[in-house]
Amino acid sequence: MEEKRRRARVQGAWAAPVKSQAIAQPATTAKSHLHQKPGQTWKNKEHHLSDREFVFKEPQQVVRRAPEPRVIDREGVYEISLSPTGVSRVCLYPGFVDVKEADWILEQLCQDVPWKQRTGIREDITYQQPRLTAWYGELPYTYSRITMEPNPHWHPVLRTLKNRIEENTGHTFNSLLCNLYRNEKDSVDWHSDDEPSLGRCPIIASLSFGATRTFEMRKKPPPEENGDYTYVERVKIPLDHGTLLIMEGATQADWQHRVPKEYHSREPRVNLTFRTVYPDPRGAPW
């Protein structure tokens with residue numbers, strides 16, 4: 001009997017100890033919101049928020065926006081910019097030629113002017129100008145590496161229009177570049193009428209007949225922009241049938257202009273640009 005008890009004690013020594021049942025301990029938690037007074041919860045949150053420090057950070061990059069184009073569509077004299085070069089000014093005279101007479105002039109010019117499509121050169125690449133042109137004047141005229149030969153045989157209608165513009169504006173002109181935009185696909189790209197033969201601050205008188213086209217202008221960027229026109233000032237001028245536009249002052253030095261293609265169908269448009277050409281650029285007023 002004693003031997004059995006001894007063996008039982010030895011076997012029990014090798015047995016794994018009995019795990020005691022874990023007694024769940026209550027977790028330490030904040031008091032239930034149900035036991036808090038109204039508003040106490042928000043005060044606690046407010047206390048935590050007030051402990052946070054607000055740090056203002058300067059924006060890393062300044063956002064630049066291109067200015068909205070200025071639209072000029074009423075009669076008047078407009079100073080569009082002032083720079084060390086001088087004042088850039090445009091004068092708009094809608095209805096300079098009444099509609100009935102303008103209709104007759106458009107028909108005469110489309111039929112009688114010796115229109116020709118010329119080949120231009122830009123960046124050593126030749127291209128067909130997307131419009132027809134003609135030149136009148138005692139002297140040749142060169143632009144975009146195109147030379148217009150002298151043509152002293154003014155059409156009577158053109159001479160009459162030149163005289164009328166001179167009488168009404170006080171300016172005088174000796175030459176005329178004519179442009180025929182046959183449809184919405186014809187255009188003229190960005191440029192300035194700043195050839196040396198025109199002298200300093202040339203005055204350009206532009207008279208339009210036919211379909212209304214938008215005359216766009218953009219200011220030349222300052223040197224620090226490295227030729228980027230993204231943020232420059234812009235002007236849009238709708239040129240209607242019989243409208244006269246005068247560009248004077250520093251407009252050609254400080255601005256570029258163009259007549260862009262249109263998305264919608266357009267009837268023909270004739271544009272007459274009167275100017276003064278000097279025989280020797282060295283003798284031109286600079």
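Cβ atoms here come from the backbone N, Cα and C positions, even for glycine.
Annotated features, as they stand in Swiss-Prot:
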type	residues	note
REGION	21-45	region 'Disordered'
COMPBIAS	22-31	compositional bias 'Polar residues'
BINDING	Trp115, Tyr141, Thr142, Tyr143, Asp194	substrate binding site
DOMAIN	172-278	domain 'Fe2OG dioxygenase'
MOD_RES	Leu177	(4R)-5-oxoleucine
MOD_RES	Leu177	(4R)-5-hydroxyleucine
BINDING	Asn179, Leu180, Tyr181, Arg269, Val270, Asn271, Leu272, Thr273, Phe274, Arg275	2-oxoglutarate binding site
BINDING	His191, Asp193, His257	Fe cation binding site
Integer Cα-Cα distance in angstrom, Asn179 (2-oxoglutarate binding site) to Trp115 (substrate binding site): 8
Euclidean distance between Cα atoms of Tyr181 (2-oxoglutarate binding site) and Asp193 (Fe cation binding site), Å: 19
Under 8 Å by Cβ from His191 (Fe cation binding site), counting only residues of that chain that are 6 or more apart: Tyr143, Ser144, Gln256, His257, Arg258
The domain 'Fe2OG dioxygenase' (172-278), counted residue by residue under DSSP: helix, strand, coil: 10 helix, 49 strand, 48 coil
Model confidence over the domain 'Fe2OG dioxygenase' (172-278) (mean pLDDT, whole number): 97
Those recorded positions, out of Leu177, Tyr181, Val270, Leu272, Phe274, that come within 10 angstroms of Tyr141 (substrate binding site) at the Cα: Leu177
Candidate nearest Phe274 (2-oxoglutarate binding site) in space, where candidates are the recorded positions Trp115, Thr142, Leu177, Asp194 and distance is Cα-Cα: Leu177
Residues within 8 Å of the His191, Asp193, His257 Cβ centre (excluding the Fe cation site residues themselves): Val188, Trp190, Ser192, Asp194, Gln252, Gln256, Arg258
Cβ neighbours of Tyr141 (substrate binding site) where a neighbour is any other Cβ within 10 Å: 21
Nearest of the recorded positions (Leu177, Tyr181, Val270, Leu272) to Asp194 (substrate binding site) - Cα to Cα: Leu177
In sequence order, the recorded positions (Trp115, Thr142, Leu177) whose C-alpha falls within 10 A of Leu272 (2-oxoglutarate binding site): Leu177
Inter-residue Cα distance where the pair is Trp115 (substrate binding site) and Tyr181 (2-oxoglutarate binding site), in Å: 11
In three-state DSSP terms, the structure that Thr142 (substrate binding site) belongs to: strand
Farthest-apart CA atoms of Trp115, Tyr141, Thr142, Tyr143, Asp194, residues recorded for substrate, distance in Å: 24
